[in-house]
Ligand code: HEM
């Protein structure tokens, strides 16, 4: 690109001052400033930009092939279990977080430095170009790619006026008019590249000052937007706990509509989480139907519905006849199509010994011919619970080690538990209201009802609106840059009213259609001729 | 008509479109086979390098050079040197001949059978196009939503966009030489959709139930169709030697490709950004490096690289055509490969 060949003025002067022996042949060496200049020039050359673009595309590829921590942390964990050595190597090269890795950053920072080095001189050139007049008309217009001639009483002033009305920039001379338009092309190109910079800044700003978090809420329960209330909270480095928008809500009801007939039987058609929302502590609650594609927004903080499942309600009476547990238990979905879910109930308060249960929830339970049971439909038509196992013994909950709520106990603790119901002892599935008596009088498990849970994502990203503005600018600007052509039209007026018009476009690739436009321009110029005849 | 009948009609029409495209392809191929061979230059008969041809034609229009030369240094600086070199000859005269001329392939002395084949081919292609359009419309009526909610519907729509891009261009410029190849691509694409991706008409998951599907997916489909036309031209560019060939000159092929990409790139940019807006509504973030997002980004960067290559000294012609085809490969991988090989949030991709 030729702009780069034109060195920045300040740089030249500086160099001349430091090295008075400027005229000495180059072989002597470039010197530090010379090297800097060379480096900058290389970085901002079109070829480097091209190579950096390739590198950026290439560097993104592993981001889609290797599981990413930010996208699918479970998959990363699984890879660590399956092939630890490979996982370690991946980790060493930051392949689990490609898009925040040092090497990815190196590429895009270089690219954006190159971009800045490209934008600055181009802006200067562009500013000069804006004030420049179109060149004088050539002598022989019939040799231009487009030309036409007609007879008329057009004079230079009138031709200039008509071209101006077509929004041409016009200069006139002795018997000629020269006009140019399509300057928006360069404007578009500059704005496009500047907008790219804007997107980068907006994304960066958003990741510093924004946060996101996930929370699971069971029907009837509530959520207040504080760091402690989240199951997973990922703040930007500049987010303080006090800055969270202080809203709260209660999940009053959750409904899913399913397709009941045809090939797509069981496919979800609509999710609806009915919330009672308080925008600030003490504010009156209002109703809100949270749906997919329709987040709840409170002052820039968005709440999204991203998942759902079942939370059957259990009541456990212990060996001493006391209620040791009573409440909903969110279950993990095992089969999405039928919403067959696995549940874990831990009862550390049971006496004389703690109790633990592994259960399976079947929303539409049907008996199979082999005597087992399965769910036939994801909706709650005939909800039943299978007891897969019951254990007694210390669940290790008081050891202080964090435990997953979806796992009865870590393997080393599980080994020490005593199974009380296993394998062939497994009773028939329980319908709502039914209970199972545990052997040896250690207690009773009752299945008392079904609730549902939702997972919500709550996100605050102050960069999203700036990013949208920059992205919108980029789209408009790139369209201008690629679709507008620079074109020139010349008019020469000879003796006796002979008018010659010539035109050309200065842009490759977008010359299509100029023939039509040229014909229209000629028509507009000669519009007066009918009256003369 | 009931929804089921409409769905059946749609399936039948897709098959009809495949057949019509195959017949059209044969007719286009006959035209190519009986047409006259051409040197790798639109006008000049010698086998000189394209640069020389460019220079020759610039010579023929000397006043243009004078006009450009009359500009100030600032204007020169604003125009990359390569662009300046080509500014004059790249005007429409040197571009693909207008449709009315109709001589780009067949040549003025072409046999009558080639001309007849050309007419038949275009007629078949248009009828196939109409069947294809009706197939999409009836599918949309049958399911009562925008008919691109799964892989099958999406691929069918992209093939339609590619054929539309070709036929639409053909209305103004003679690009019949692309016909056989666009028809092959469309017939193969439809065949692939019917054979591997077929999904019975039905509702979509709630995440896809949004007006964004109309905006985002439509833009993606149209730009993919245009990119496909550019890709076909790019392949022909590489296949065609620089000697005599029945195919049009490399300069013409390059121009067709460039024009299609210049239209498609802003649309693709828009499609990606509209996708980000939808993701912001549906998933709680506008960009999260989901595999589909990653590959859209790669595709976008690759086409940006092509546009840069077009104005970089030493990268024009063959090199930039290769860049274009790499970008096209990324696009295709994103449309099909990502759905088949990589799992992500894009739920329509279930095959
Ligand atoms: C962030 C990465 C970049 C992207 C995505 C990008 C994208 C684009 C696109 C799509 C165009 C086509 C517009 C047109 O042809 O008018 C373009 C043109 C251009 N870009 Fe970039 N660009 C990037 C970085 C750069 C850098 C680093 C430079 C400078 C070294 C640069 C210099 C140019 C120039 C000079 C043109 C004008 C070409 C012409 O006149 O047709 N770009 N860019």
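All positions are counted from 1 along the displayed chain.
In case you wondered, yes, glycine gets a Cβ from its N, Cα and C as well.
When the ranges B:40-70, B:71-101, B:102-132 are checked against TrEMBL, the one recorded as region 'Disordered' is B:71-101.
Counted over residue pairs 6 or more apart, the CB atoms of the transmembrane segment (B:154-171) and the transmembrane segment (B:294-313) come under 8 Å in fewer than three pairs, which marks the two as apart. Counting Cβ pairs under 8 Å to the transmembrane segment (B:260-279), the stretch among B:120-142, B:210-239, B:294-313 with the most such contacts is B:210-239. For the transmembrane segment (B:120-142), the list of distant contacts is 3-4, 6-7, 9-11, 13-14, 16-17, 19-21, 23-25, 27-28, 30-31, 153, 156-157, 159-160, 163-164, 166-167, 170, 176, 179, 183, 190, 201: same-chain residues at least six beyond its ends, Cβ to Cβ under 8 Å. Taking Cβ pairs closer than 8 Å, the transmembrane segment (B:294-313) reaches residues 80-83, 227, 258, 261-262, 264-265, 268-269, 271-272, 275, 319-320, 323-324, 326-327, 330-331, 333-334, 338 in its own chain, all 6 or more past its ends.
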